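Annotation comment: Swiss-Prot describes Lys33, Tyr253 as active site, proton acceptor. Positions annotated as substrate binding site by Swiss-Prot: Arg129, Met301. Summarising the annotation, Swiss-Prot assigns N6-(pyridoxal phosphate)lysine to Lys33.
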Amino acid sequence: MRPARALIDLQALRHNYQLAREHRGGKALAVIKADAYGHGAVRVAQALEAQADGFAVACIEEALELRAAGIRAPVLLLEGFFEADELALIVEHNFWTVVHSTWQLEAIEQAQLAKPLTVWLKIDTGMHRVGLYPHEYQAAYQRLLVTGKVARIVLMSHFARADELNSGCSDEQFAVFESFRKGLAAEISLKNSPAVLGWPHIPSDWSRPGIMLYGATPFGQAHPLADRLQPVMTLESKIISVRELPAGEAVGYGATFVCDRPLRIGVVAMGYADGYPRHAPTGTPVQIDGQPSRLLGRVSMDMLCVDLTGVPQAGLGSRVELWGKHVLASEVATRAETIPYEIFCNLRRVPRIYSQD
């Protein structure tokens, strides 16, 4: 069997959720969209269901997968519904739905529903993706109330730059939110992972932790709370070939790395088809049999090369950690000029092995 695999530490997941819930985030919906950022949505939901206040996914297909697996906790559709006929399924399965557009509001007004909805009414305070315009917000709230088809409304927005701790954008967005929700009697939800960790003075009845659940920092700098996160995924494989190369020899496609001295090279069963970032450069950290080392040359579809020169005991079958508890996913992502969200979500054919502790 090919040795590439992702080890998922469910106890670390629970620890990270509890950190989100405790740190001024109010109740917390665990965000498990995109297959729980590559960690496996059903297994993550099963691990958290007894602890979590609910879950959030992107769309009804992801929510239905959870219900089919027996998950009965509240599930919020972060992008709401895409077609009006989804409302019947939302009611049938007790999903909560975001409303971010006037057409969705009109669909609710026109729908014949078996029971009332829980709606999270989204205002665009500066992200400028989806959300009602601020001047529409109060009227939309009142329209939902008078339909008689909505049992509960939560007021929500989303911060564009909460991961930038020196930016005033989050405070500016909060000021817009406060101005246009004035007089509306409802709970609020504003905080994603960076807002939970980095903006404690901004209130929120509900938080929506995502990347922090999986143990990756949303910040590009050290942060005391983010430093308490525990990595959930360890991506690992093994050495399948060893080469002794003299100075002047090149490694991999494009000969982008040339040995400046005699080097001992290990070939690892891991490549960009598995989800390891192709653009990770020479020098990206790895760990081999517990010792730090580095990536060499270009990442191939199924293989990559590492430096064994400083790890003389390593050889065929040696364990290689690509990211996890000793090699931070955030550092690998930074070297590859991307973000942890992307490298987690890109994992495709690597089997996941779950542990409870």
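Keep in mind that glycine also has a Cβ here, set from the backbone N, Cα and C atoms.
Here the features listed in Swiss-Prot are placed on the structure.
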residue: Lys33; record: active site, proton acceptor; DSSP (3 states): helix
residue: Arg129; record: substrate binding site; DSSP (3 states): coil
residue: Tyr253; record: active site, proton acceptor; DSSP (3 states): helix
residue: Met301; record: substrate binding site; DSSP (3 states): coil
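Within the same chain, residues at least 6 positions away in sequence whose Cβ sits under 8 Å from that of Arg129 (substrate binding site) are His158.
The two recorded residues, Met301 (substrate binding site) and Tyr253 (active site, proton acceptor), have Cα atoms 11 Å apart. In sequence order, Ala41, Ala56, Val57, Ala58, Glu62, Leu78, Gly210 are the residues near Lys33 (active site, proton acceptor), counting only same-chain partners six or more apart with C-beta under 8 A.
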